[in-house]
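Some features that TrEMBL has for this protein:
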- 6-249: domain 'DUF7702' (DOMAIN)
- 6-29: transmembrane segment (TRANSMEM)
- 41-59: transmembrane segment (TRANSMEM)
- 71-92: transmembrane segment (TRANSMEM)
- 113-131: transmembrane segment (TRANSMEM)
- 143-162: transmembrane segment (TRANSMEM)
- 174-194: transmembrane segment (TRANSMEM)
- 223-243: transmembrane segment (TRANSMEM)
């Protein structure tokens with residue numbers, strides 16, 4: 001059996017790290033019967049996506065010849081970012097419950113962001129499935145949507161801070177958590193944009209002539225960049241959101 005290599009070992013670790021997240025978010029969803037907010041739901045879906053991507057990569061490394069398993073894993077790796085962004089939307093809605101979330105303009109902005117997230121998800125998946133030329137263009141478009149969505153998220157988040165004096169203290173704490181979480185989320189989004197331009201194909205066999213972009217490829221690029229700017233940044237966002245929202249739920253009982 002072929003060796004898993006460093007990326008295969010990282011994939012196994014990813015499954016181990018996200019299993020507790022999936023369990024915790026599932027418990028929260030069951031406990032509150034999906035009534036509290038969508039943030040936990042999308043964190044749960046995100047953790048499942050990360051575990052599925054890791055499992056597919058381990059299977060692909062173990063088998064060594066099934067390219068479809070590699071492709072499926074890499075598609076999930078890129079597409080799962082949309083669920084992390086949608087969890088941010090959910091927690092913003094949780095903060096603004098009965099305050100700014102009732103504002104028609106805020107409702108419109110949040111719904112627009114939700115549509116953008118779904119669009120990025122669809123375009124990214126399609127870009128991974130289609131041929132090299134069309135797929136390359138769609139992956140660029142998808143990462144561009146992620147970038148635009150992140151900027152829009154920051155603007156909506158800043159607008160939400162103008163309501164801070166209308167929020168209870170525990171909701172402001174969650175707001176601070178979102179503020180901190182947006183920092184690693186921004187780094188992850190920037191890496192997603194670089195990765196989409198790093199190679200003409202999904203497998204990274206046709207890297208960019210730009211050495212910076214080539215090193216940013218999640219498959220054939222610099223492993224440390226992928227580990228820090230993708231996996232570590234994502235997990236920081238998840239931990240920050242979970243800590244902030246669980247503290248909120250305990251204070252709200």
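Every residue number used here counts from 1 along the chain in the order it is shown.
Glycine residues also receive a Cβ, built from the backbone N, Cα and C atoms like all the rest.
Of the two recorded stretches, the transmembrane segment (174-194) does not lie close to the transmembrane segment (6-29), with fewer than three CB pairs under 8 Å once pairs fewer than 6 apart in sequence are set aside. Contact between the transmembrane segment (41-59) and the transmembrane segment (223-243) is present: at least three CB pairs lie under 8 Å, with pairs separated by 6 or more positions in sequence.
Outside the transmembrane segment (223-243) by six or more residues, the chain places 6-7, 10, 14, 17, 21, 24-25, 39, 43, 46-47, 50, 77, 81, 84, 87-88, 91, 177-178, 180-181, 184-185, 187-188, 190-192, 195, 215-216 with a CB less than 8 A from a CB of the stretch. The list of residues near the transmembrane segment (113-131) in space but at least 6 beyond its ends in sequence, with Cβ under 8 angstroms from a Cβ of it, reads 71, 74-75, 78-79, 81-83, 85-86, 89, 137-139, 141-143, 145-146, 148-149, 152-153, 156, 202.
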